[in-house]
Structures are given as structure tokens and as C-alpha cells.
Amino acid sequence: MGRQPCCAKVGLKKGPWTAEEDQKLVAFLLSHGHCCWRLVPKLAGLLRCGKSCRLRWTNYLRPDLKRGLLSDDEEKLVIDLHAELGNRWSKIAARLPGRTDNEIKNHWNTHIRKKLKKMGLDPVTHQPVVPCATRPDDPLENLLPDPDHAPCDEPPKASSQEPTGSAHDNEDEEAPKQDAACSASSASAAVSPSSCSSSSASASVATPGGPDAVDWPDSVDLFQVDALIDMDWASILSGSGGGDIGVDLFDHCSDVAFDQEVWM
DNA sequence: AAACGAATCAACCGCATGTCT
DNA sequence: CAGACATGCGGTTGATTCGTT
């Protein structure tokens, strides 16, 4: 049997999220945390699949997200970590509190890669680029002005990505638990550890961020969010009797001065 | 001011992995 | 142990924004 698609695709919305959808999702997650993402859209009253909700929360709505360009220090760290870990964006993001794997991946592809190339470094191996002329077997590529697409710029994957299994096996041991707990790729982890959420959250609030930065009100207590994430879902669901969870989704939002207008 | 191309980034897709029964 | 299912991850796409002509 093939696996079920992540959601019954029929009737589910795709594409950019509206402010109203964001509001529903945030209100729901702040009130109840999440148990299984598949149920979140249903319970929050969203016509989205759980995957989409998770992604939206992880990459955009989480209260501890920093917004805006990576600082020089962060960029340096990303480069170092990439040299160490390869394209393991989630692992890299885990070492940068308040940053998401998607954000780092995008930043890498749009900014850092170019920078490294300008510096004459191979963005994959982090070694000085070997001139294509040394590869006479591919005359067509040698004509390309942009090394981006030249094969000589793309060494065998194994050279930079860890040899299958090895790095994968080690990385979790190498990464301190604390850092892992700050993982940007896990919504629950992202808001739960007090050590990182408190620091990164304050940073995110303080950071001017991009124009569309999610401006979380100071009154959002991330420790409280932490607790919410770990709520007793069994009881919530058993009392829900299906779609109706018996809780006003926006009930708790007065506490956090929830205002989507302000965010956007 | 309009048209065009490049750059950016949010979101999607499919596969991998972990967990449960 | 195998199959089903949920979640996580990395690659890719496409809409939007920005800069240049």
C-alpha cells in the first residue's frame, strides 16, 4: 500500500497564507500547542494540510524568530558550519537561535554562495576553486562565464556532504543537547527550552527585523508557550468530540495583545 | 513611466526517518 | 518483523520585489 498523501488534498488551500489564517494558526498554537500537526488545521479551522501549518509556524510565525538579514557573525558561523556539516540546514539552523533552516538555506543560495565565489572559494568544498581549464574534458563548461554551473565547481557530493552515514551518525553526538533543543526545525523545540527561547526571543523582539517581521508583543511569555506546547492533548481532544474543541480560539489572545495588523 | 531581467524568499514536493501497532 | 502513519528535511519552484535600462 502506498502511503497516504500528507493530507486529503481535496479542498485544501495552497499558496500564500493570509493574515487571517496566520491569526488562526497562531492563536490556536499559543492556546493549545500542537500534538500532531495533522490535527492542527482541522482544530484551528484552517483549510490547510498539517505540513503546511508546521512549515508556516516554523518558518514564519514562531515567536522566537529573528527576522532580517543574517549578521556578519551569523553569516560567518553559517559558513563554518556548512564547511563542517554540508547542506544539513536544519543542523546549521540549530546552532543559530532564531533562524530557520529555510532562511539559512535561502540566504546561503542567494548571498553566501556568491560571496564565496567572489572570494574564489568553492561554496561546496570551501576550497579555492580549481580553474576549469584543468578540466579539458568538458570544453563547453569551460566557456561558461559563471562557475556556478560548471561541473568543476561541483565536486562529487561525497566530498563535502559527509560520506553516507558517517556525519549523520556523529552529528547528534557532537551537537550539545542544549543546541539541539534550540532547533529551529522543530516547532516544539523552538519554543520550549527556556535557555534559548528566552535569549533568542528577546533578541527577536528587540531586533528591528525585516519589514514583515513578526512583531511579537512583549507580553508573550515564552515560558508560558513552552507549557502550552506540552499541554494535555488527550483531554483536549477527548473533550472536543471532533471539530469543536470547545475553546474560543482567540480567547487567549487578549493576553498577548494579539494584533495581526501590528505584525504585518 | 514602462519594460525587462535579476534577486529574493515563502511555500510546495517528495523522500527519509522515526514511531507505533 | 512488517506495515502504516506522522513528522522532518533538503531541493526546487514560482510569485513578488527590486534594480536597471
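A Cβ is built for glycine as well, from the same backbone N, Cα and C atoms used for every other residue.
Unlike curated records, TrEMBL annotations are generated automatically.
Values in this document were obtained by computation on a predicted structure and should not be read as measured data.
Taken from TrEMBL as is:
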COMPBIAS  A:146-156  compositional bias 'Basic and acidic residues'
COMPBIAS  A:180-206  compositional bias 'Low complexity'
DOMAIN    A:9-61  domain 'HTH myb-type'
DOMAIN    A:9-61  domain 'Myb-like'
DOMAIN    A:62-112  domain 'Myb-like'
DOMAIN    A:62-116  domain 'HTH myb-type'
REGION    A:126-215  region 'Disordered'
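Applying DSSP to the domain 'HTH myb-type' (A:9-61) sorts its residues as follows: 31 helix, 0 strand, 22 coil. For the domain 'HTH myb-type' (A:62-116), the model's pLDDT averages out at 88.
Helix, strand and coil counts from DSSP across the domain 'Myb-like' (A:62-112) read 32 helix, 0 strand, 19 coil.
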